[in-house]
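Annotated in TrEMBL:
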DOMAIN    3-275  domain 'Phosphofructokinase'
BINDING   Gly11, Arg72, Ser73, Gly102, Asp103, Gly104, Ser105  ATP binding site
BINDING   Ser125, Ile126, Asp127, Arg162, Met169, Gly170, Arg171, Glu222, Arg243, His249, Tyr250, Gln251, Arg252  substrate binding site
ACT_SITE  Asp127  active site, proton acceptor
Amino acid sequence: MKKIGILTSGGDCSGMNACIRSAVRTAIRMNIEIVGFRKGYLGLMKGDCIPLDTKAVSGILHRGGTFLQSARSQEFKTPEGRQLAMDNLKALGIEGLVILGGDGSLTGALELSKMGLPVVGIPASIDNDIPFTDMALGVDTALNNILYAVDCIKDTASSHARAFVIEVMGRHSGYLASIAAIATGAEFALVPEREVDLSEICQQLRVRYEEGRDNAIIILAEGAGKAQDIADAVKDAIGFETRVTVLGHYQRGGAPTVFDRLLASRFGKKAVELLVAGQNGMMVGLSCNTVLAVPIEDVIKGEKRPQDEMLRLAEVLGI
Ligand SMILES: Nc1ncnc2c1ncn2[C@@H]1O[C@H](COP(=O)(O)OP(=O)(O)O)[C@@H](O)[C@H]1O
Ligand SMILES: O=P(O)(O)OC[C@H]1O[C@](O)(COP(=O)(O)O)[C@@H](O)[C@@H]1O
Ligand SMILES: [Mg+2]
(Lines of atoms letter the chains of each structure in order from A and count residues from 1; the text may use other names and numbers.)
(Lines give C-alpha, C1' and ligand atoms only; values in the text may rest on other atoms or scores of the structure.)
(Ligands and ions follow the chains in the order given, each with its own letter.)
Protein backbone atom coordinates (compact mmCIF):
# COMPACT_ATOMS: atom_id res chain seq x y z
CA MET A 1 0.00 0.00 0.00
CA LYS A 2 1.46 3.36 -1.05
CA LYS A 3 -1.28 5.94 -0.55
CA ILE A 4 -4.19 6.10 1.86
CA GLY A 5 -6.85 8.62 2.88
CA ILE A 6 -8.52 9.66 6.12
CA LEU A 7 -11.78 11.48 6.87
CA THR A 8 -14.05 12.47 9.76
CA SER A 9 -17.81 12.03 9.33
CA GLY A 10 -21.08 12.54 11.23
CA GLY A 11 -21.22 14.46 14.52
CA ASP A 12 -17.76 15.74 15.43
CA CYS A 13 -16.16 15.00 18.80
CA SER A 14 -13.08 15.84 20.80
CA GLY A 15 -10.17 13.57 20.04
CA MET A 16 -10.72 13.47 16.27
CA ASN A 17 -7.72 15.77 15.70
CA ALA A 18 -5.50 13.72 17.98
CA CYS A 19 -6.55 10.61 16.09
CA ILE A 20 -5.83 12.11 12.65
CA ARG A 21 -2.41 13.16 13.96
CA SER A 22 -1.69 9.64 15.13
CA ALA A 23 -2.81 8.04 11.86
CA VAL A 24 -0.77 10.50 9.79
CA ARG A 25 2.42 10.05 11.82
CA THR A 26 2.02 6.26 11.78
CA ALA A 27 1.56 6.26 8.00
CA ILE A 28 4.58 8.49 7.47
CA ARG A 29 6.71 6.19 9.64
CA MET A 30 5.63 3.36 7.34
CA ASN A 31 6.52 5.37 4.22
CA ILE A 32 2.91 5.64 3.16
CA GLU A 33 1.49 8.80 1.63
CA ILE A 34 -1.68 10.03 3.35
CA VAL A 35 -4.30 12.60 2.33
CA GLY A 36 -7.19 14.05 4.32
CA PHE A 37 -10.65 14.42 2.77
CA ARG A 38 -12.58 17.50 3.85
CA LYS A 39 -16.10 17.33 5.30
CA GLY A 40 -16.40 13.57 5.46
CA TYR A 41 -18.16 11.80 2.61
CA LEU A 42 -18.85 15.15 0.91
CA GLY A 43 -15.11 15.50 0.33
CA LEU A 44 -14.93 11.99 -1.09
CA MET A 45 -17.69 12.76 -3.59
CA LYS A 46 -15.99 16.02 -4.60
CA GLY A 47 -12.45 14.63 -4.56
CA ASP A 48 -11.66 17.44 -2.10
CA CYS A 49 -8.50 16.40 -0.25
CA ILE A 50 -5.24 17.80 1.11
CA PRO A 51 -1.87 16.10 1.51
CA LEU A 52 -0.99 15.45 5.15
CA ASP A 53 2.51 15.37 6.57
CA THR A 54 3.97 15.57 10.07
CA LYS A 55 3.82 19.37 10.05
CA ALA A 56 0.21 19.48 8.87
CA VAL A 57 -0.85 17.70 12.05
CA SER A 58 1.33 19.69 14.48
CA GLY A 59 -0.41 21.66 17.21
CA ILE A 60 -3.79 19.95 16.86
CA LEU A 61 -3.57 17.21 19.50
CA HIS A 62 -5.23 19.35 22.16
CA ARG A 63 -7.90 20.92 20.00
CA GLY A 64 -11.54 19.79 19.96
CA GLY A 65 -13.47 19.31 16.73
CA THR A 66 -11.80 18.18 13.53
CA PHE A 67 -9.59 20.33 11.32
CA LEU A 68 -10.66 18.23 8.33
CA GLN A 69 -14.24 19.23 9.20
CA SER A 70 -17.19 16.87 9.28
CA ALA A 71 -20.57 16.63 7.59
CA ARG A 72 -23.65 14.52 7.07
CA SER A 73 -24.53 13.69 3.46
CA GLN A 74 -27.76 12.24 2.10
CA GLU A 75 -26.20 11.84 -1.35
CA PHE A 76 -23.61 9.41 -0.02
CA LYS A 77 -26.44 7.13 1.06
CA THR A 78 -27.30 6.57 -2.62
CA PRO A 79 -25.41 4.08 -4.84
CA GLU A 80 -24.68 6.95 -7.27
CA GLY A 81 -23.08 9.05 -4.53
CA ARG A 82 -20.88 6.17 -3.40
CA GLN A 83 -19.87 5.37 -6.99
CA LEU A 84 -18.78 8.99 -7.41
CA ALA A 85 -16.64 8.62 -4.29
CA MET A 86 -15.11 5.37 -5.58
CA ASP A 87 -14.29 6.98 -8.95
CA ASN A 88 -12.51 9.88 -7.21
CA LEU A 89 -10.55 7.53 -4.95
CA LYS A 90 -9.40 5.54 -7.97
CA ALA A 91 -8.39 8.67 -9.86
CA LEU A 92 -6.40 9.87 -6.83
CA GLY A 93 -4.66 6.50 -6.44
CA ILE A 94 -6.00 5.98 -2.90
CA GLU A 95 -5.67 2.33 -1.93
CA GLY A 96 -7.30 2.40 1.51
CA LEU A 97 -9.31 4.65 3.78
CA VAL A 98 -9.47 5.35 7.53
CA ILE A 99 -12.92 6.59 8.53
CA LEU A 100 -13.70 8.24 11.86
CA GLY A 101 -17.35 8.52 12.78
CA GLY A 102 -20.39 7.10 14.48
CA ASP A 103 -22.76 4.27 13.60
CA GLY A 104 -24.00 6.01 10.43
CA SER A 105 -20.50 6.70 9.13
CA LEU A 106 -19.47 3.12 9.83
CA THR A 107 -22.46 1.90 7.81
CA GLY A 108 -21.19 4.04 4.94
CA ALA A 109 -17.70 2.64 5.46
CA LEU A 110 -19.02 -0.91 5.15
CA GLU A 111 -20.68 0.00 1.85
CA LEU A 112 -17.36 1.26 0.44
CA SER A 113 -15.62 -1.84 1.69
CA LYS A 114 -18.19 -4.01 -0.12
CA MET A 115 -17.38 -2.07 -3.31
CA GLY A 116 -13.79 -3.28 -3.00
CA LEU A 117 -12.08 -0.43 -1.17
CA PRO A 118 -10.00 -1.45 1.88
CA VAL A 119 -11.50 0.46 4.80
CA VAL A 120 -10.86 0.62 8.55
CA GLY A 121 -13.29 2.43 10.85
CA ILE A 122 -12.63 4.29 14.10
CA PRO A 123 -15.58 4.70 16.49
CA ALA A 124 -16.00 8.42 17.18
CA SER A 125 -19.27 9.69 18.62
CA ILE A 126 -20.16 11.22 21.97
CA ASP A 127 -23.26 8.97 22.03
CA ASN A 128 -21.17 5.86 22.85
CA ASP A 129 -23.77 3.82 20.98
CA ILE A 130 -21.29 1.78 18.93
CA PRO A 131 -21.07 -1.91 19.91
CA PHE A 132 -17.81 -3.84 20.36
CA THR A 133 -15.93 -0.98 21.93
CA ASP A 134 -16.18 -0.01 25.58
CA MET A 135 -15.68 3.63 24.65
CA ALA A 136 -15.87 5.64 21.45
CA LEU A 137 -13.72 8.72 20.92
CA GLY A 138 -15.09 11.91 22.44
CA VAL A 139 -17.33 10.29 25.05
CA ASP A 140 -15.07 10.96 28.00
CA THR A 141 -14.56 14.62 27.06
CA ALA A 142 -18.31 15.12 26.55
CA LEU A 143 -19.00 13.59 29.96
CA ASN A 144 -16.48 15.89 31.59
CA ASN A 145 -18.10 18.89 29.87
CA ILE A 146 -21.49 17.77 31.19
CA LEU A 147 -20.06 17.27 34.67
CA TYR A 148 -18.72 20.78 34.79
CA ALA A 149 -22.03 22.27 33.65
CA VAL A 150 -24.18 20.21 36.01
CA ASP A 151 -21.94 20.98 39.00
CA CYS A 152 -22.38 24.70 38.26
CA ILE A 153 -26.14 24.33 37.92
CA LYS A 154 -26.34 22.39 41.20
CA ASP A 155 -24.90 25.39 43.03
CA THR A 156 -27.59 27.73 41.79
CA ALA A 157 -30.32 25.06 42.12
CA SER A 158 -29.57 24.76 45.81
CA SER A 159 -29.36 28.55 46.36
CA HIS A 160 -32.81 29.04 44.84
CA ALA A 161 -34.50 25.80 45.90
CA ARG A 162 -35.29 24.84 42.32
CA ALA A 163 -35.60 21.68 40.31
CA PHE A 164 -33.65 21.66 37.05
CA VAL A 165 -34.22 19.52 34.00
CA ILE A 166 -30.89 19.39 32.19
CA GLU A 167 -31.03 18.06 28.66
CA VAL A 168 -27.96 16.26 27.34
CA MET A 169 -27.34 14.83 23.88
CA GLY A 170 -28.48 11.39 22.78
CA ARG A 171 -31.43 11.11 20.42
CA HIS A 172 -31.40 7.33 20.66
CA SER A 173 -28.79 6.75 23.32
CA GLY A 174 -29.03 7.26 27.07
CA TYR A 175 -25.36 6.62 27.77
CA LEU A 176 -24.40 10.23 28.48
CA ALA A 177 -27.49 10.81 30.61
CA SER A 178 -27.03 7.69 32.73
CA ILE A 179 -23.31 8.11 33.37
CA ALA A 180 -23.63 11.86 33.95
CA ALA A 181 -26.41 11.25 36.49
CA ILE A 182 -24.21 8.88 38.49
CA ALA A 183 -21.19 11.18 38.32
CA THR A 184 -23.08 14.33 39.32
CA GLY A 185 -25.40 12.78 41.91
CA ALA A 186 -28.51 13.74 39.93
CA GLU A 187 -31.88 12.59 41.22
CA PHE A 188 -33.04 11.07 37.91
CA ALA A 189 -31.63 9.94 34.57
CA LEU A 190 -34.23 9.77 31.81
CA VAL A 191 -33.10 7.75 28.79
CA PRO A 192 -34.71 6.84 25.45
CA GLU A 193 -34.15 3.12 26.08
CA ARG A 194 -36.63 3.14 28.98
CA GLU A 195 -40.13 4.50 29.14
CA VAL A 196 -40.32 7.64 31.24
CA ASP A 197 -42.89 7.36 34.05
CA LEU A 198 -43.59 11.00 34.90
CA SER A 199 -46.05 10.26 37.70
CA GLU A 200 -43.51 7.99 39.40
CA ILE A 201 -40.83 10.70 39.14
CA CYS A 202 -43.18 13.32 40.60
CA GLN A 203 -44.21 10.95 43.39
CA GLN A 204 -40.57 10.31 44.39
CA LEU A 205 -39.72 14.00 44.19
CA ARG A 206 -42.70 14.89 46.36
CA VAL A 207 -41.57 12.51 49.10
CA ARG A 208 -38.11 14.00 48.92
CA TYR A 209 -39.50 17.52 49.00
CA GLU A 210 -41.61 16.78 52.07
CA GLU A 211 -38.47 15.51 53.76
CA GLY A 212 -37.01 18.97 53.26
CA ARG A 213 -34.82 18.46 50.21
CA ASP A 214 -35.78 21.47 48.19
CA ASN A 215 -33.72 21.15 45.02
CA ALA A 216 -33.29 18.46 42.40
CA ILE A 217 -31.50 17.65 39.17
CA ILE A 218 -33.11 15.57 36.44
CA ILE A 219 -30.82 14.64 33.56
CA LEU A 220 -32.74 14.03 30.38
CA ALA A 221 -31.35 12.49 27.19
CA GLU A 222 -32.70 14.55 24.28
CA GLY A 223 -34.51 11.52 22.84
CA ALA A 224 -36.29 10.63 26.09
CA GLY A 225 -38.86 13.42 26.19
CA LYS A 226 -39.43 17.16 26.08
CA ALA A 227 -37.53 18.98 28.82
CA GLN A 228 -40.19 21.67 29.26
CA ASP A 229 -42.99 19.09 29.59
CA ILE A 230 -41.07 17.33 32.35
CA ALA A 231 -40.31 20.62 34.11
CA ASP A 232 -44.01 21.64 33.90
CA ALA A 233 -45.16 18.29 35.28
CA VAL A 234 -42.77 18.57 38.24
CA LYS A 235 -43.91 22.14 38.91
CA ASP A 236 -47.61 21.22 38.77
CA ALA A 237 -47.21 18.13 40.94
CA ILE A 238 -45.05 19.61 43.69
CA GLY A 239 -45.10 23.34 43.32
CA PHE A 240 -41.35 23.25 42.83
CA GLU A 241 -39.94 26.18 40.93
CA THR A 242 -38.36 24.60 37.85
CA ARG A 243 -35.90 25.60 35.17
CA VAL A 244 -34.71 23.93 31.98
CA THR A 245 -31.13 23.97 30.68
CA VAL A 246 -30.29 22.47 27.30
CA LEU A 247 -26.55 21.82 27.15
CA GLY A 248 -26.58 21.31 23.37
CA HIS A 249 -23.44 21.43 21.26
CA TYR A 250 -21.34 22.74 24.15
CA GLN A 251 -21.00 19.05 25.05
CA ARG A 252 -19.23 18.14 21.79
CA GLY A 253 -16.36 20.62 21.89
CA GLY A 254 -13.35 21.55 23.99
CA ALA A 255 -9.89 20.16 24.62
CA PRO A 256 -9.93 16.35 24.77
CA THR A 257 -9.31 14.72 28.14
CA VAL A 258 -6.23 12.58 28.78
CA PHE A 259 -8.40 9.51 28.21
CA ASP A 260 -9.52 10.73 24.78
CA ARG A 261 -6.04 11.83 23.73
CA LEU A 262 -4.67 8.41 24.58
CA LEU A 263 -7.55 6.53 22.99
CA ALA A 264 -7.27 8.68 19.85
CA SER A 265 -3.54 8.04 19.59
CA ARG A 266 -3.99 4.28 20.04
CA PHE A 267 -6.92 4.03 17.61
CA GLY A 268 -5.21 6.08 14.88
CA LYS A 269 -2.05 3.98 14.92
CA LYS A 270 -3.90 0.69 15.02
CA ALA A 271 -6.21 1.66 12.13
CA VAL A 272 -3.30 2.43 9.80
CA GLU A 273 -1.49 -0.75 10.82
CA LEU A 274 -4.58 -2.82 10.05
CA LEU A 275 -4.98 -1.23 6.61
CA VAL A 276 -1.35 -1.81 5.77
CA ALA A 277 -1.62 -5.41 6.97
CA GLY A 278 -4.30 -5.91 4.31
CA GLN A 279 -7.34 -5.89 6.59
CA ASN A 280 -10.62 -4.65 5.13
CA GLY A 281 -13.99 -3.84 6.70
CA MET A 282 -12.70 -3.76 10.27
CA MET A 283 -13.28 -1.28 13.11
CA VAL A 284 -10.83 -0.67 15.92
CA GLY A 285 -12.30 -0.96 19.39
CA LEU A 286 -11.33 -0.89 23.05
CA SER A 287 -12.00 -3.91 25.25
CA CYS A 288 -10.45 -4.43 28.70
CA ASN A 289 -7.96 -1.66 27.86
CA THR A 290 -6.78 -3.53 24.76
CA VAL A 291 -7.18 -2.12 21.26
CA LEU A 292 -8.62 -4.77 18.98
CA ALA A 293 -10.21 -5.13 15.56
CA VAL A 294 -13.80 -6.21 14.91
CA PRO A 295 -15.68 -6.64 11.61
CA ILE A 296 -17.77 -3.54 10.86
CA GLU A 297 -20.51 -5.91 9.72
CA ASP A 298 -20.85 -7.20 13.31
CA VAL A 299 -20.77 -3.65 14.66
CA ILE A 300 -23.63 -2.59 12.39
CA LYS A 301 -25.73 -5.64 13.26
CA GLY A 302 -25.09 -5.20 16.98
CA GLU A 303 -26.79 -2.95 19.46
CA LYS A 304 -25.35 -1.06 22.39
CA ARG A 305 -27.58 0.09 25.22
CA PRO A 306 -26.64 1.73 28.49
CA GLN A 307 -25.84 -1.07 30.92
CA ASP A 308 -28.71 -1.99 33.22
CA GLU A 309 -26.16 -1.86 36.04
CA MET A 310 -25.55 1.85 35.34
CA LEU A 311 -29.23 2.69 35.09
CA ARG A 312 -29.88 0.86 38.36
CA LEU A 313 -26.91 2.59 40.01
CA ALA A 314 -28.25 5.99 38.95
CA GLU A 315 -31.65 4.97 40.36
CA VAL A 316 -30.33 3.68 43.70
CA LEU A 317 -28.04 6.62 44.36
CA GLY A 318 -30.38 9.31 43.02
CA ILE A 319 -33.07 9.38 45.66
N1 LIG B 1 -26.94 3.44 5.51
C2 LIG B 1 -25.98 4.24 5.08
N3 LIG B 1 -25.36 4.01 3.89
C4 LIG B 1 -24.38 4.82 3.44
N5 LIG B 1 -23.95 5.90 4.11
C6 LIG B 1 -24.51 6.18 5.30
C7 LIG B 1 -25.55 5.36 5.84
N8 LIG B 1 -25.91 5.88 7.04
C9 LIG B 1 -25.16 6.98 7.21
N10 LIG B 1 -24.31 7.16 6.18
C11 LIG B 1 -23.39 8.27 5.97
O12 LIG B 1 -22.73 8.62 7.18
C13 LIG B 1 -23.01 9.99 7.49
C14 LIG B 1 -22.97 10.20 8.98
O15 LIG B 1 -23.95 9.41 9.60
P16 LIG B 1 -24.75 9.95 10.87
O17 LIG B 1 -25.67 8.86 11.31
O18 LIG B 1 -25.35 11.28 10.55
O19 LIG B 1 -23.60 10.26 11.94
P20 LIG B 1 -22.66 9.28 12.77
O21 LIG B 1 -21.72 8.62 11.86
O22 LIG B 1 -21.96 10.22 13.69
O23 LIG B 1 -23.57 8.31 13.48
C24 LIG B 1 -24.37 10.23 6.84
O25 LIG B 1 -24.62 11.60 6.62
C26 LIG B 1 -24.21 9.49 5.53
O27 LIG B 1 -23.47 10.23 4.59
O1 LIG C 1 -24.90 18.25 15.35
P2 LIG C 1 -26.27 17.83 14.93
O3 LIG C 1 -26.33 17.52 13.48
O4 LIG C 1 -27.30 18.80 15.39
O5 LIG C 1 -26.61 16.44 15.63
C6 LIG C 1 -26.89 16.25 16.96
C7 LIG C 1 -26.69 14.80 17.29
O8 LIG C 1 -25.31 14.46 17.14
C9 LIG C 1 -24.84 13.81 18.32
O10 LIG C 1 -24.17 14.78 19.10
C11 LIG C 1 -23.84 12.75 17.97
O12 LIG C 1 -24.47 11.78 17.16
P13 LIG C 1 -23.68 11.07 15.99
O14 LIG C 1 -22.34 10.70 16.53
O15 LIG C 1 -24.53 9.88 15.65
O16 LIG C 1 -23.54 12.01 14.87
C17 LIG C 1 -26.12 13.33 19.01
O18 LIG C 1 -25.97 13.13 20.40
C19 LIG C 1 -27.07 14.43 18.70
O20 LIG C 1 -28.39 13.98 18.77
MG1 LIG D 1 -24.71 8.07 15.28
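Each Cβ is built from the backbone N, Cα and C atoms, and glycine gets one as well.
Annotated features, which come from TrEMBL, shown on the structure.
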residue : record                 : DSSP class
Gly11   : ATP binding site       : coil
Arg72   : ATP binding site       : coil
Gly102  : ATP binding site       : coil
Ser125  : substrate binding site : coil
Met169  : substrate binding site : coil
Tyr250  : substrate binding site : helix
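Ranking the binding-site residues Arg243, Arg252 by C-beta neighbours within 10 Å puts Arg252 at the top.
Within 10 Å of the C-beta of Arg72 (ATP binding site) there are 16 other C-beta atoms, taking all protein chains into account. Listed in sequence order, Gly11, Gly102, Ala136, Val139, Met169, Gly170, His172, Ser173, Tyr175, Leu176 are the same-chain residues six or more apart from Asp127 (substrate binding site) with CB atoms under 8 A from its CB. In this structure the C-alpha atoms belonging to Arg252 (substrate binding site) and Arg72 (ATP binding site) are separated by 16 Å.
Proximity of the binding-site residues (Arg72, Ser105, Met169, Arg243, Tyr250, Arg252) to ligand 3: a Cβ under 6 Å from the molecule is found for none of them.
For Gly104 (ATP binding site), the nearest neighbour among the listed binding-site residues (Ser125, Arg171, Arg243, Tyr250), judged by C-alpha distance, is Ser125. Taking Cβ-Cβ distances under 8 Å and a sequence separation of 6 or more, the neighbours of Ser73 (ATP binding site) in its chain are Gly40, Tyr41, Leu42, Met45, Gly81.
Pairwise Cα distances among Ser125, Ile126, Asp127, Arg162, Met169, Gly170, Arg171, Glu222, Arg243, His249, Tyr250, Gln251, Arg252, the recorded substrate-binding residues, top out at 32 Å.
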